[in-house]
Amino acid sequence: FKTFSSSKILPKEKKLFTKEKQIKKNFHNFLFHSLCNTKRAKTAALSLLPVIGWMKIYRINEWLLSDIVSGVSTGLVAVLQGLAYCLLASLPPWYGLFTAFFPVVTYFFLGTSRHISVGPFPVLCLMIGSIVTRLVPDEGSPANITGFENLTRDEQRVLVASSVTFTVGVMQLAMGILQVGFVVMYLSDTLVSGFTTAAAIHILVSQLKFVLGLTVPGISGPLAIIYTLEIIFNKITSSNVCDVVISLVIMVVVFIVKELNDRFKSKLPVPIPVEVIMVSIIACGVSYAFDFKTRYGIDVVGHIPKGYEPPVAPNLPILQETAVEAFPMAIVGFAVAFSVAKVYSIKHDYTIDGNQELIAFGVSNIFGASFRSFVASTALSRSAVQESTGGKTQVAGLLSALIVMIVTLAIGFLLDPLPKSVLGAVVIINLKGMIMQAREIPYLWKRDKPDCAVWCVTCLASILLGLDLGLAVGLGVELICVVLRVQLLLGFIPLRVLRKRNKALRKIKKLLKKGDLQWTSKGFLNTSCGTINDSEDESNVEDLDQPTDFNDLPACIDWDAELPANIIIPRIEIHSLVLDFAAVSFLDISAVNGLKTLLKELIRVEVEVYIVACDPYVLEKLHHCCFFDDEVHPSMFFLTLHDAVLHILEKHPLLLGRKTLREKIKLTAEIAGNNTVKSRL
C-alpha cells in the first residue's frame, strides 16, 4: 500500500488499508498499555513490599555477617526487654516475647527502615497497662464486658491488650491507606520530648513496686501517679530487702558498663552486652542457686509456657470501650518509630516512606494482636543496639525474632527463676535517656519561650492527668502557640499601628489648624502656653484603615522620632519582610484575599514586603484574582531569597556598615499553618 497514492487507492483497497492501520494502532496500544501496566504493577509491588527492593541489592559477602552479629545481640536484648516491658502492661511476662516476635516478622516484609528494632516500647506498654488495669483491676471485679466469662484474670487482661492492639493496628493501617502520614508534623520534637519525659516518670513510678518488692494495685486515670506514690510510701517499711539490694546492684553495674560503652564505643567492636550478662546469666543463676523465691519471698518470672497460643479474635465490646484511648497510642507509636527511622535513614543515606511505615505498623499490630501480642513500635535502646552492632538491613531484625522464637519454644525455662525486681531495674536504667531530656528546659527557655511552655505543659499534664489526656493538652497548647505566632509573627499588629498613626495624624492636623503647633525647620514647635490635651476624634473610623495622608502637612512625619503633644506611637523595628513561597503549592480565594489584606497593612506602615520562590501557577492565580493594584506591585516578587536580600542590602546600605551582617540582619523562620516560611529582616 505504500506505493499507492491516496488518490489512486480503490474504495475496497482503501478500506483494507484503513483496517490494517487500525490493527497496527490497536496492537501498538496493547503493547504500550501492557508495558505500562506491568511497570505500574512492579511499582505497586515494590511500594507495598519494600523488602523486594532492598533484597535485590543485598550484599551477602559484606552484610550477612554483620546482620548475624547484630541479630543475635538484638535478639538477646529483645528477650529481656520483652519480659521487662510486659510488666508495664500488667500482663504475664512471657507475652512480651510474643510482641518481640510477630510484629518483627511482618515489618520485615512491609517496613522501609533497615535499622529500627520493632517490638515493645515502654511508653505504649504503660498506656496499654492503664487500659488493662481500668477494665480488669487488681482488686475487685472486672468491667461488665461480654466475653470475660469463664476467663481467668490474666486471660481477661490479655484479651483486653490484644483487642486494643487490634484497634491501634486498624487505625494505623487506615491512616496509611489514606496517605495521612503527615499527621506527625503536628507532633513537634518539643511536644514529643515533654511527653516521653512524663512517660518516663510514670514508668519509673510503676516499677518501684517491683524494685521494692511491694504489692501495689494498678491505678489509672488523672492523678494516678500521686495515688500510687502515696500507697508506695505508706508501704515502704514493708519492702523486701533482698529485692532492693539486687535491684541496686543491677542498676549500678549496668549503668557503669553502659557509660563505658558510650565512652569507648569507637574502640569497642561491639558494645558489652551487660544486660544479658547481668540478667540472663548472673541474676538467673544466683536466684536459682540460692532459691530466692523460697528463702526470701522474691517474686520471680515463674513458669514460661513453651510454644505459641492459637489465634484469637478481637473482642468487639472492648474495641468500642477503648477506641478513644487507642487513637493517641496509634499516633505516639508511629511518631516515635518514624522519628527513630528518620535519624538512621539520614545517617545511612536511604529514604523511608511515612505512609508505608503506617501500613507496616498497622499490619504488624493487627497480625500480632491475633497471636496475643500488644502494641509494637520501637525502643530507642534496642534500635541503637541493632544499628551499633553492625546491622545493615532488617535481616538482623528477622534473626532477632528467631532468637526470641528459640527462647519461646525451647529454652524459656531457664528464665523461670529470674526475679521481677531485676526486670524492673532493667526498665529503670533504660529510662536515663528519656529522663535526661529535662535538660532541654534551660535551652528552650533561652531560645524559644513558647516551645518551653509547650514542653512544660505537656510534661506536667501528662504526669498529673495521664498520658492520653496529657497528650491532648499538649497538642492543644501547641496549636494555640502556632495560632498566636501566626497572628503575631512580626511582633506587632500592622492594622493597629496604622490606626494609631492615622489618629495621631488627625490630632497633629487639628493642632496645626488651631495654632497650638507650628512647623519649623527643626520640626514641630509647641506654641501653646499650657499642656496640650485634645480629645480623641472618633469620627470616620473607617478612614483610619486607609494609607496615611501627608498632603495637608508641610513635611512627612518621622514616626520613629519624638512626636509632639505627648503623642506615643508604637515603633516598628523592621523595615523589610521576606515571604518564602517555596512550600506554597496553591492558594484559594480566601488565602489570596487574606494575603492581599496583610500586604496592604504592612505597606501602609512602611514595611517593604518581598515574595520569593513563588510557583508560576500561584503567580498566575494571583493575576487572575486581580491581586495587584496601586499598592501591591508585581515588583515585590523575586526569584530567590538571595536576590531579595541583595536588593534589600542595596536599598538599605547602612546594613553593610555594621560589624557583622548577622548582627544587623536578624533572620527568624517560623512554619505557619500553610507551610509558608517567613523570614524577618
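Glycine is treated like the rest: Cβ placed from N, Cα and C.
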(request) Select from 210-229, 550-569, 570-589, 610-629 the stretch of residues annotated by TrEMBL as transmembrane segment. (result) 210-229
(request) Could you tell me what the rest of the chain brings near the transmembrane segment (270-290), counting residues at least six beyond its ends with Cβ under 8 Å? (result) 69, 73, 76-77, 79-80, 246, 250, 253-254, 257-258, 260-261, 298, 300, 385, 388-390, 414-415, 417-419, 422-423, 426
(request) Please work out which recorded stretch in 91-110, 156-175, 210-229, 358-375, 452-471 has the most C-beta pairs separated by under 8 angstroms from the transmembrane segment (326-346)? (result) 156-175
(message) Quick check on the domain 'STAS' (577-648): DSSP residue counts for helix, strand, coil, in that order please.
(response) 36 helix, 11 strand, 25 coil
(request) Compare 91-110, 156-175, 241-258, 452-471 by their Cβ pairs under 8 Å to the transmembrane segment (395-415) and return the stretch that comes out on top. (result) 91-110
(request) Report, as numbers and ranges, every residue of the chain located at least six residues beyond the transmembrane segment (452-471) whose Cβ falls under 8 Å of a Cβ in that stretch; write 'none' if there are none. (result) 123, 126-127, 130, 188, 190-191, 193-195, 197-199, 201-202, 220-226, 325, 328, 331-332, 440-441, 444-445, 477-478, 481
(request) Please indicate, using numbers and ranges, the residues of the same chain that are 6 or more beyond the transmembrane segment (156-175) and have a C-beta under 8 Å from a C-beta there. (result) 89-92, 95, 128, 131-132, 135-136, 142, 147-148, 181, 183, 312, 314-315, 318-319, 322-323, 325-327, 329-330, 333-334, 358-359, 361-370, 372-376
